[in-house]
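Working notes, beginning with the structure itself.
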Amino acid sequence: MTITPQHLIALLPLLIVGLTVVVVMLSIAWRRNHFLNATLSVIGLNAALVSLWFVGQAGAMDVTPLMRVDGFAMLYTGLVLLASLATCTFAYPWLEGYNDNQEEFYLLVLIASLGGILLANANHLAALFLGIELISLPLFGLIGYAFRQKRSLEASIKYTILSAAASSFLLFGMALVYAQSGNLSFEALGKSLGDGMLREPLLLAGFGLMIVGLGFKLSLVPFHLWTPDVYQGAPAPVSTFLATASKIAIFGVVMRLFLYAPVGDSEAVRVVLGIIAFASIIFGNLMALSQTNIKRLLGYSSISHLGYLLVALIALQSGEMSMEAVGVYLAGYLFSSLGAFGVVSLMSSPFRGPDADSLFSYRGLFWHRPVLAAVMTVMMLSLAGIPMTLGFIGKFYVLAVGVQASLWWLVAAVVVGSAIGLYYYLRVAVSLYLHAPQQPGRDAPINWQYSAGGIVVLISALLVLVLGVWPQPLISLVQLATPLM
């Protein structure tokens, strides 16, 4: 097929981030300069974000057989780019105290962003696999970036081995689907699945194996065992990327697959996904109750958040509101996670050994960093789904979609899970206002609010509050991205 200027405009974010990767690579080869490479990375990601406006003017189109650029792709590309930008911003002060190679961090984040953008635009199982590998491989290096620390290295090895196993399941599942349907394109799969083929054992086995592979990447129960260890072992800025960009991109492509190929029409698939969602919500929240490490706590809570999103995915066949629910929920989850991990990153910067991730490190934070404590409180309330925050709007949408699709047992799980979640989120919030210990351990810089990371954290808190009270701009944006059939 011929590539026209229109196609090139549609691919602008991908091309800009790809070009930034090359420029940063050459810059590192030419001369090591931490500030220069960080600046180049941030400029590239900002340019890719701005280019989405031009992509919107070009309209929806199939750029290649592997990729479709439309409102849906633009929304998820934007969320991935925002998460990558925040990761680079949080990483800069952290890397200032890091004695080994600093510049490669940005290179790995950019390559992973490239994978996220590819996933957001994927319209074919080959693009799905390429995107997942492109996002996973840099993460192996990023998770083990503080490799002189035993915990970081252990987390990296764990994630690498388990990720390789999950990828093999995913690939084998795709092979079985291809063997039965003779197609890998989402659209063609949808057509071939239309005539009662979903009862074929080979096809069900293929989708089952794909659910195993994707369930690992999304850290859904029972494929979640790596999550708390990796979140705790990885540097705080990397945990930010892992919790946001990686999950959002992969969930976006799963959403598109389910939209084109009506896999959810199969009762067997719906039951399996329902059990996974139920287990993820209940188990994720129960395990978070006993955590005293804030990164482990956020790791377990991310399992339950993906469980809530799975409820909307199961309800996808019952109306377009599901897509809207997922878009709003993911935006709320992104800003809340950026704020929470941003506070941990600020407290842990510059690099001086292990991160400030113990709950004890945050005890009495309000008495010497009141604004930072207020930001953390807002993020915890949003993740818990308290009214007047963006997290509540997302959770309300998920409940509405569940009720609309008559998924009563999953609606009950969401309500019970939210009640359990309220306890441990408030436990973190309350500890910020207790009496500070005599000898505080780690602390954020005095003028943290004037640093780039501090500004990102404050903007996240502001968006969570403003969009929680007045969500219409976000809902309108998500509705624009919804019609893609």
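Backbone N, Cα and C atoms are what each Cβ position is placed from, and that goes for glycine too.
For reference, Swiss-Prot has these:
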TRANSMEM  8-28  transmembrane segment
TRANSMEM  35-55  transmembrane segment
TRANSMEM  105-125  transmembrane segment
TRANSMEM  127-147  transmembrane segment
TRANSMEM  159-179  transmembrane segment
TRANSMEM  203-223  transmembrane segment
TRANSMEM  235-255  transmembrane segment
TRANSMEM  297-317  transmembrane segment
TRANSMEM  326-346  transmembrane segment
TRANSMEM  373-393  transmembrane segment
TRANSMEM  408-430  transmembrane segment
TRANSMEM  455-475  transmembrane segment
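By the Cβ criterion (distance under 8 Å, sequence gap of 6 or more), the transmembrane segment (455-475) is counted as touching the transmembrane segment (373-393), at least 3 such pairs being found. Counting same-chain residues at least six beyond the ends of the transmembrane segment (326-346), those with a Cβ under 8 angstroms from any Cβ of the stretch are 75, 79, 82-83, 86, 90-91, 93-94, 236-237, 239-240, 243-244, 248, 251-252, 255, 294-295, 298, 302, 305, 308-309, 312-313, 355-357, 372, 375-376, 378-380, 382-383, 389-391, 393-395, 397-398, 444-445, 448, 451, 453-454, 456-457, 460-461, 463-464, 467, 471, 474-475, 478, 481-482. When Cβ distances are compared across the two stretches, the transmembrane segment (297-317) makes no contact with the transmembrane segment (127-147), since fewer than 3 pairs at least 6 residues apart fall below 8 angstroms.
When Cβ distances are compared across the two stretches, the transmembrane segment (127-147) makes contact with the transmembrane segment (235-255), since 3 or more pairs at least 6 residues apart fall below 8 angstroms. For the transmembrane segment (203-223), the list of distant contacts is 132, 136, 162-163, 165-181, 193, 197, 246-247, 250-251, 254, 263, 266, 268-269, 272-273, 276-277, 279-280, 283-284, 299, 302-303, 306-307, 310: same-chain residues at least six beyond its ends, Cβ to Cβ under 8 Å. Note on the transmembrane segment (235-255): residues 72, 76, 79-80, 83-84, 86-88, 90-91, 94, 109, 112-113, 115-117, 119-120, 122, 128, 131-132, 135, 139, 142-143, 145-146, 152, 214, 217-219, 295, 298-299, 302, 306, 309, 313, 316, 323, 326, 330, 333-334, 337-338, 341-342, 344-345, 348, 351, 355, 357 of its chain, located 6 or more positions outside it, place their CB under 8 angstroms from a CB of the stretch.
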